[in-house]
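Working notes for the structure below.
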Amino acid sequence: MRPRIRDVSDKLRPNRASFDDGETKFHRKHLPPLRTMFGRWRKWTVLVAAIWIQASTGTNFDFSAYSSHLKSVLGISQVRLNYLAVASDLGKAFGWSSGIALGYFPLSVVLFAAAAMGFVGYGVQWLVITNIITLPYSLVFLCCLLAGLSICWFNTACFILCIRHFPNNRALALSLTVSFNGISAALYSLAFNAINPSSSNLYLLLNSLVPLVVSFAALYPVLTKPSLDTTPDYDSRRHDSHVFTILNVLAVITSFHLLLSSSSTSSARLNFIGAVVLLVFPLCAPLLVYARDYFLPVINARLNHESSGYVMLNIDELKNQKTSVSSKTGYEHMGTAKEGNTVRLGDEHSFRLLISRLEFWLYYIAYFCGGTIGLVYSNNLGQIAQSLGQNSTTLVTIYSSFSFFGRLLSAAPDFMHKRFRLTRTGWFAIALLPTPIAFFLLAVSSSQQTALQTATALIGLSSGFIFAAAVSITSDLFGPNSVGVNHNILITNIPIGSLLYGYIAASIYEANASPDITPIVSDSIVCIGRDCYFKTFVFWGCLSILGVVSSLSLYIRTKPVYHRLEQDKVSLTSSYKDLDPL
């Protein structure tokens, strides 16, 4: 008789005999020991700390809120102002330095190095904009570059925290924390209205101080060592699932609160306090789950009784277990990197192989003509609002909030996979559709406040989805182990697009500024009227159509790849069940 192969996942499976003993007896479930509860709670404080860091460090999104004031103080043209926005985006080109630093220094050192760079980068700009000191344009450019680099270092610290402490749920942890980066501008706008809504230089002071303060607040969770138990039991997995659900609900509530608060100025301080409470409240989420399990035992027991008895396993963990078992039983490891001598999509790609792929360039163009245009639009919101006589703070908040919604929606392929058989690249193509619609709406009726706000919301929604979904698509198509390098190659389109699109927009802006009707403040030209950005909106709209076409081509070419990956997962799961029958 062939012996049963046992592995660490046995403890994840409920005993089927417990469902066949006749009438189920429901009883109040005992709370776990305080030491266990505290250990689990500490793990969630790490995720909450990452959320705080992300929510406070998306400082590049509020550039448009103070850019007009900075332009006036420096006495520069619109083109040179655009170069400052490019400098902030150019920091992404040096983001690899944070990975090297992690090889030599603890994570806490990397975190505070990022805080120090942001403190200096934004702090010096605040000293310049308040006329405390005077600096040449080149040094201000370097400060913008340093501030942009600090954001990359903060992001790296958050990614490492999620990967170390949530190895079985890292995709959920990463998507949740990255989403909060999208609400930074709305959060800073609310703080701006609560403190002093008449001084736009306050944004730079907040950008300098808040991430530093948050880094000190997050120090204790950052120093927490990850759990050694990489295969938690059934109760732990169910507990984690419920906590993630609560955190996602709180994320949506927080975003709605920030969005609705942007239109209210009379109770700005109360709204800001409410936002802070919503950011702190996730610390209570694990305790709510414990209370639910304790006070609603009958409901929980019935749900467990009526369930199928199967437990969802992490696919990466499943692959590792399958590999170890296969080495003992003669089963071949599935999902090999090569088929003959040809590397397929979905396998690991080197740099040379990556840039030789047509699919990569379709992906690059789709991102370049989609998400990057949305980012450049957000950088120009200050001048767009000024030229149309609108409030830039409101537009920044709308863009930030809907960018956050887009980032949350990027998880749709995982939750709706069984209902809608659409690949990630298909969702990516759909997410690009609102962008050309929004720009042509702006070209036709940008002078109307409703049209301007609607278009801004559509662009924020589209670009937010693209920013968050791109990491998963890169991993799917070009290999998960190479995603760090390959994704950094992909996002080189951001500084290129920021420079190109921003320069074109600035040139059109200055060409339509008539000295006879346009005031000149500190040698900087200010354009007023619909014509300032009309041609820019048309140009961006046409380019975004190219992005949609490119994304559709990518979707068509990658459908077989996702079908093969899905079959591999099904085969892997079936093989695992054959090796370990119940």
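One is the number of the first residue shown, and numbering goes on along the chain from there.
Positions of Cβ are set from backbone N, Cα and C atoms, glycine also.
Look at Swiss-Prot and you will find 1-20 tagged as region 'Disordered'.
For the transmembrane segment (46-66), same-chain residues at least 6 beyond its ends with a Cβ under 8 Å from one of its own Cβ atoms are 85, 88-89, 111, 114, 118, 122, 129, 147-148, 150-151, 154-155, 157-158, 161-162, 165-166, 173, 176-185, 187-189, 192, 200-201, 203-204, 207, 210-211, 214-215, 217-218, 221-222, 224, 247, 279, 282-283, 378-385, 392-393, 395-396, 399-400, 403. The annotation transmembrane segment is assigned in Swiss-Prot to 46-66 (among others) on the grounds of sequence analysis.
Annotation source Swiss-Prot lists transmembrane segment at 100-120 (among others).
Residues or ranges marked as transmembrane segment in Swiss-Prot (evidence: sequence analysis): 132-152 (among others).
Positions annotated as transmembrane segment by Swiss-Prot: 172-192 (among others).
The transmembrane segment annotation in Swiss-Prot covers 202-222 (among others) and rests on sequence analysis. Sequence-distant contacts of the transmembrane segment (202-222) (same chain, at least 6 residues past either end, Cβ-Cβ under 8 Å): 42, 45-46, 48-50, 52-53, 56-57, 59, 62, 65-66, 107-108, 111-112, 114-116, 118-119, 121-123, 125-126, 129, 147, 150, 154, 157, 161, 188, 191-192, 195-196.
The transmembrane segment annotation in Swiss-Prot covers 243-263 (among others).
Swiss-Prot lists 358-378 (among others) with the feature transmembrane segment, giving sequence analysis as the kind of evidence. Here the transmembrane segment (358-378) has long-range neighbours at 61, 63-64, 85, 89, 185, 345, 384, 396, 399, 403, 428-429, 431-432, 435, 456, 459-460, 462-463, 466-467, 470, 473-474, 477-478, 490-491, 493-494, 496-498, 501-502, 505, 540, 543-544, 546-548, 550-551, 553-554, 557-558, meaning same-chain residues at least 6 beyond its ends whose C-beta is under 8 angstroms from one of its own.
The 10 Å shell around the Cβ of ASN391 (N-linked glycosylation site) contains 13 further Cβ atoms across the protein chains shown. Look at ASN391 (N-linked glycosylation site): DSSP puts it in coil. Residues annotated as N-linked glycosylation site in Swiss-Prot, with sequence analysis given as evidence: ASN391.
Outside the transmembrane segment (395-412) by six or more residues, the chain places 58, 61-62, 64-65, 172, 175, 178-187, 189-190, 248, 251-252, 255, 258-259, 262, 377-378, 381, 384-385, 427, 431, 452-453, 456-469, 472 with a CB less than 8 A from a CB of the stretch. Positions annotated as transmembrane segment by Swiss-Prot: 395-412 (among others).
According to Swiss-Prot, the feature transmembrane segment maps to 425-445 (among others).
Sequence-distant contacts of the transmembrane segment (458-478) (same chain, six or more residues past either end, CB-CB distance under 8 Å): 171, 174-175, 178-179, 182, 345-346, 348-349, 354, 357, 359-360, 363, 367, 370-371, 373-375, 377-378, 398-407, 409-410, 413, 424-425, 427-428, 431-435, 437-439, 441, 486-487, 490-491, 558, 561-562, 565. Summarising the annotation, Swiss-Prot assigns transmembrane segment to 458-478 (among others) and lists sequence analysis as the type of evidence.
For the transmembrane segment (489-509), the residues of the chain that approach it from at least six positions outside its boundaries are 77-79, 81-83, 85-86, 89-90, 92-93, 351, 354-355, 360, 363-364, 367-368, 372-373, 375-376, 379-380, 383, 387, 470, 474, 527, 532-533, 535-536, 539-540, judged by C-beta separation under 8 angstroms. Taken from Swiss-Prot, the feature transmembrane segment applies to 489-509 (among others).
Residues 359, 362-363, 365-370, 373, 377, 423, 425-426, 428-429, 432-433, 435-436, 439-440, 442-443, 446, 501, 504-505, 508-509 of the same chain, all 6+ positions outside the transmembrane segment (536-556), place their C-beta atoms under 8 angstroms from a C-beta of that stretch. Annotated transmembrane segment per Swiss-Prot: 536-556 (among others), in sequence order, evidence recorded as sequence analysis.
It is 243-263 that, among the stretches 132-152, 243-263, 425-445, forms the most Cβ pairs under 8 Å with the transmembrane segment (172-192).
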